[in-house]
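A.B. asks: I have a structure here, written as structure tokens, and I will follow up with some questions on it.
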Amino acid sequence: MGSSEPLPIADGDRRRKKKRRGRATDSLPGKFEDMYKLTSELLGEGAYAKVQGAVSLQNGKEYAVKIIEKQAGHSRSRVFREVETLYQ
């Protein structure tokens, strides 16, 4: 055998890593309650979620917030499909 030094790997032979999809909460510095205050205004309600008004504590702007309820008995796949729809 020849030299015991490692062989160089050409750039084209490297495997490309999958780009990790970020979550909406990854970029937030704190909890939801630290950034927004929910209002009593209920804008809509469905089988797995409700939409409620909220006010940003940082700038006072009003937003609509979709709250997905995590309860036993809800189909896990349907809840995840709902979350995926929100990402799109």
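A Cβ is built for glycine as well, from the same backbone N, Cα and C atoms used for every other residue.
TrEMBL labels come from automatic prediction, so no person has curated them.
According to TrEMBL, the ATP binding site annotation covers K66. Annotation source TrEMBL lists domain 'Protein kinase' at 37-88. Among the features that TrEMBL reports, region 'Disordered' is placed at 1-28.
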A.B. asks: Could you count the residues of the domain 'Protein kinase' (37-88) that DSSP puts in helix, in strand and in coil?
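C.D. replies: Across the domain 'Protein kinase' (37-88), DSSP assigns the residues as follows: 12 helix, 24 strand, 16 coil.
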A.B. asks: Inside 10 Å of the Cβ of K66 (ATP binding site), count up the other Cβ atoms and send me the figure.
C.D. replies: 16
